[in-house]
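According to Swiss-Prot:
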ACT_SITE  374  active site, proton acceptor
BINDING   12-15, 26, 83, 88-89, 112-114, 151, 166, 181, 239, 344, 362, 377, 388  UDP-N-acetyl-alpha-D-glucosamine binding site
BINDING   114, 239  Mg(2+) binding site
BINDING   391, 397, 398, 416, 434  acetyl-CoA binding site
REGION    457-495  region 'Disordered'
């Protein structure tokens, strides 16, 4: 499914978006992991138009570099045209056409950069209808319960399109009309250029309205056609943050439903958020409160959630990830993570490994079958296969000026509360005792113990904390011990 070879597309993204009340350009606000402009350009690129032009104005210095990045991502050329003065949508189209050769002949599709749910099928149907009826212009329309802010479609008695009147110029009776302009058009370029040359700014906003082209072409006796879109969300625009949230919710509903229809169990779609670039394998179960963001990849037969957020994380088949926050990490097949686990960028957990409760890992590789069950920080480390890291262990990776790495071999067992002061290497099959501070390398098969014999300082509390609750308690315990009768030796025992 592609556009005909003589089709160019203009994307209007020059408006300031003042109703967003934001320092971020409107078209760069995101939903489902992409900016609004990115959603639109992805949809258009699927149809491979001959030319694709984005018209920028306000904050063009911030938007243009991102358009370049999207062009690289999509593997095609995207031209940028500049509207240096905000003189209306008609003027914006004139600026966009300046990027085309004067002798360009064909069709031009015009759409907006703030319609994030617009899809390739809708655009393909538009151009197919436009060509089938040989229209000078075909405009997409839809019907809204609340049409405030949209241009109204004025029809003739025989239901032909007579004109589009903007909200600010509409009469009270015209504002009652619920069929609105979706802001997506297909034009014959010669007819478009002719009509644009006759636009007037004699209106409430003193701008050149693209919508006035409809009445001009009709008065010329040319064919003006309208194609109604029943699913209004596909052509809904965003002017404020309320509408952004509404469309984000609607897009998420559609993304979640698509995964469900593909064989993924989503227990509670209302509390599950999945970005458009996320992939999930069959028979995976997603529990409530889960967010799968960026380019996260979930294998088949996994269990994810509840209360889990993964951003750009790759999860292998059959893995379990529960109450975990992770980013830019990988989890191997059959591995178990959580609950209350923090995976920072650069974490790689091998197949059948385990990262348990209150474990934080950063920039570390953890081998197949290795377990870090609980209460541990692993930073800048490489751990081999089938090792076990005891509770409350810490990989001490920062010396105050730089990060150092620790290497732990395979089949290693470390006691609780082991401190690995990097850089150190623990050989294969080595052990550490509880409370050990490892400052030097441990040879393979060795037991590292750093603590000396325990030493008890008698009556320390009475001397250092006299009168304290601890001193009083210890005094009572000593007195009770003194009152205990001493058992005489058993008469039958031989001295």
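Cβ coordinates are placed from backbone N, Cα and C, and glycine is handled just like the others.
Since this is a predicted model, take the numbers as computed values, not measurements.
Annotated features, which come from Swiss-Prot, shown on the structure.
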residue : record                                        : CB count, 10 Å
12      : UDP-N-acetyl-alpha-D-glucosamine binding site : 26
15      : UDP-N-acetyl-alpha-D-glucosamine binding site : 22
88      : UDP-N-acetyl-alpha-D-glucosamine binding site : 22
113     : UDP-N-acetyl-alpha-D-glucosamine binding site : 30
114     : Mg(2+) binding site                           : 27
239     : Mg(2+) binding site                           : 16
388     : UDP-N-acetyl-alpha-D-glucosamine binding site : 15
397     : acetyl-CoA binding site                       : 22
398     : acetyl-CoA binding site                       : 12
416     : acetyl-CoA binding site                       : 17
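If you take the CA of residue 113 (UDP-N-acetyl-alpha-D-glucosamine binding site) and look 10 A around it, you hit none of the recorded positions from 374, 397, 416, 434. On a Cα basis, residue 88 (UDP-N-acetyl-alpha-D-glucosamine binding site) lies 73 Å away from residue 434 (acetyl-CoA binding site). A Cα-Cα distance of 56 Å separates residue 391 (acetyl-CoA binding site) from residue 15 (UDP-N-acetyl-alpha-D-glucosamine binding site). DSSP assigns residue 391 (acetyl-CoA binding site) to coil in the three-state reduction, outside any helix or strand.
Looking at the residues that bind acetyl-CoA per the record, 391, 397, 398, 416, 434, the two CA atoms farthest apart are separated by 22 Å.
Around the Cβ of residue 374 (active site, proton acceptor), 19 further Cβ atoms fall within 10 Å across all displayed protein chains. Checking Cα-Cα distances from residue 12 (UDP-N-acetyl-alpha-D-glucosamine binding site) against the recorded positions (114, 239, 374, 397, 398, 416) with a 10 Å cut-off leaves 114, in sequence order. It is 63 Å from the Cα atom of residue 397 (acetyl-CoA binding site) to that of residue 166 (UDP-N-acetyl-alpha-D-glucosamine binding site).
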